[in-house]
Amino acid sequence: MSYVLVIDDEPLVRLVVREALSASGWRVAEAAGGEEAWELISQERPDLVLLDLRCSGGEELLARLRGKVPVVVMTGDEEAAQGLGVEVLLKPFDLDKLRKLVRSKLSGI
């Protein structure tokens, strides 16, 4: 079972994403920011990270994970997402689109 880590400072976003992905059969953990996320990552490397770039430590975490773990950036700021070199999911997003994107990213591992 693939392991997905959801990092977002908004509890409701984490809850909705976790429930949608768990219902699709993936194991999901969540963190509110970069420091908490790094603790989880040090315990078990996720197969995919869904990262809100604007959460505490988000940009630093993206830099640390680059090339090590697949990352999808979730953001409402399309301009900030330009040129990141990673997949971007613009908020607000459709849960079906989220599941398709996660399925696609995980099928490549």
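Numbers here mean position along the shown chain, with the first residue as 1.
Note that Cβ sites are derived from N, Cα and C of the backbone, with glycine treated the same way.
Under the heading domain 'Response regulatory', TrEMBL lists 3-106. For Asp52, the entry in TrEMBL reads 4-aspartylphosphate.
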### Query
With DSSP helix as H/G/I and strand as E/B, how many residues of the domain 'Response regulatory' (3-106) fall in helix, strand and coil?
47 helix, 24 strand, 33 coil
#### Entry: Long-range Cβ environment of the residue listed as '4-aspartylphosphate', under 8 Å and at least 6 residues apart
Ile7, Asp8, Asp9, Glu10, Val13, Gly58, Val73, Met74, Thr75
